[in-house]
């Protein structure tokens, strides 16, 4: 089923998709997926925290925020570029095609640390891997420098809908996020941009977040769908975990409205069984974060994933 590529979705349209009977929704999404992607092609991306903790932002879900003093987390300074590249090489040997590097910063500052990040990007690209970073807010000249270093994609999530956003984050505006994404796109960097479900948002909030993403022109190269991992010491520590059908609905709807985008299963994936994850792939997911740790949270291990992909007959992306 070849869906037209659109960037004019309304929130009502997206919400109507989210509310479809589940099997109808998954069936439609699978048709769209097969029209644009090989169904057994699942990209593996590895994610490393290159600077951990002490972030001045107040994101309610994040254990790396300096505002959440009860979280048990060891702060770590920015890693050495050579060490990061060696870890990228190890991830590549384990099957990862993309290496993503995250620094717990509010925004990038020019200087030695940014120069080191640029060296990391160049080193990862020299391995033949795709390189992605998430560093907080950028200015236009910094996006240009990242592009010149060979950066494949910049991750900067919207997190949730514009309407619900203020209940989760108070130190950075929604427009700040959109501005950084625009600077990256202007520099020729692909966008990796998604959000989180399970923070107390409504179904309409989920639809509104997807609508913002689907109305980018062109659509983001990849859209990570995260299920909240409640972390003790954060304001969302006692939120109920997301059920699999909520995640499947998000994946399927993202696939229908963004046919060419890689839809990535991200945080919270390890909560779900192999059969539940397979349902997400049937609904259109075609990328995962691969490895034992996802920044500071546990992730499905490479051994379990190898068994899963073997059972699915999934191919490695070239």
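Cβ coordinates come from backbone N, Cα and C, glycine included.
Within 28, 34, 264, the residue that Swiss-Prot lists together with 100, 132, 192 for binding [2Fe-2S] cluster is 264. For the binding-site residues 59, 132, 192, the largest tally of other C-beta atoms within 10 A is found at 192. Look at residue 132 ([2Fe-2S] cluster binding site): DSSP puts it in a strand. Every protein chain shown contributes to the tally, and the Cβ of residue 264 ([2Fe-2S] cluster binding site) ends up with 25 other Cβ atoms within 10 Å. When other Cβ atoms within 10 Å of the Cβ of residue 55 ([4Fe-4S] cluster binding site) are tallied across all protein chains shown, the result is 22. If you draw a 10 Å sphere around the CB of residue 100 ([2Fe-2S] cluster binding site), it holds 26 other CB atoms from the protein chains shown.
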